[in-house]
Amino acid sequence: MSEPVSALVPLPPRRRIAVLISGRGSNLEALVEAMAAERWDARIVAVIANRPDAAGLAWAAARGLPTAGLDHRAFAEREAFDAALAQAIDASGAELVVLAGFMRILSDGFVRRYEGRLVNIHPSLLPAFAGLHTHRRALEAGCAFAGATVHLVTPTLDHGPIIAQAVVPVRPDDTEAGLSARVLAAEHRLYPMALRWLIEGRLALDAQGRVRPLDGQPQGLFFES
Ligand code: GAR
């Protein structure tokens, strides 16, 4: 049965985006390319990396995006790093905070500050395989399907309301490298799709705190191979 409309609490549009990365930044690239190709009414106001040598940071700077390197090793405490991070995000005027391969655990205070506007992509079908080495663990478990999940971030690592998932079949002869490359290609389709919904205010939370698209879009992408 579909939810009565009154039970849904819409998530407001958020058009100014900060993207947090730690490395390669291929999801950032996919986002920037989708925004340009589809002429989104939205803007990336900051790309911030916790590793100043992150390849994605150089890519973003070369594209003329505002970038900042904030080396977490310069901070003795996680909370101090998170406070500096929040300061950089807020100074940019960002409304939506997008984690795109950001490999730092964020403190509860940081997560609460951006509640409902902090989003992550994780390379597994959550709630299976939170944490690291997701593809290796999916292969070891004999999973027939792997994939990726876009979700709102809550203080529990790799949990939080699911916005969308991509399902990728595991091949009988799969390797960790092969599976992870195919899931990454799926991520590059999934994350821009889900972010566009968020940016344009096309999502809501239901009475159980689950994310529901207001226009009834399917929340899954299926890949054949
Ligand atoms: C992506 O596969 C992303 O899902 C994963 O890191 C990779 C970043 O790639 N994120 C996590 O594991 C977060 N728990 P990218 O830098 O090329 O976008």
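Each Cβ is built from the backbone N, Cα and C atoms, and glycine gets one as well.
Sequence annotations record features per position, and here TrEMBL assigns active site, proton donor to H122. According to TrEMBL, the feature N(1)-(5-phospho-beta-D-ribosyl)glycinamide binding site maps to G25, S26, N27. Taken from TrEMBL, the feature (6R)-10-formyltetrahydrofolate binding site covers R78, M103, R104, I105, L106, N120. What TrEMBL records for 16-195 is domain 'Formyl transferase N-terminal'. The site 'Raises pKa of active site His' feature in TrEMBL is assigned to D158.
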If you count Cβ atoms within 10 Å of the Cβ of N27 (N(1)-(5-phospho-beta-D-ribosyl)glycinamide binding site), leaving out that atom itself, what do you get?
25
How would DSSP class S26 (N(1)-(5-phospho-beta-D-ribosyl)glycinamide binding site) in three states?
helix
Top Cα neighbour of L106 ((6R)-10-formyltetrahydrofolate binding site) in the set of recorded positions G25, S26, N27, H122, D158:
D158
How many Å separate the Cα atoms of N120 ((6R)-10-formyltetrahydrofolate binding site) and D158 (site 'Raises pKa of active site His')?
8
Who sits close to R104 ((6R)-10-formyltetrahydrofolate binding site): which same-chain residues at least 6 apart have their Cβ under 8 Å from its Cβ?
S22, N50, H72, F81
How big is the (6R)-10-formyltetrahydrofolate site in terms of the longest C-alpha to C-alpha distance among R78, M103, R104, I105, L106, N120, in angstrom?
19
Of G25, M103, H122, which recorded positions are close to D158 (site 'Raises pKa of active site His'), meaning a Cα within 10 Å of its Cα?
H122
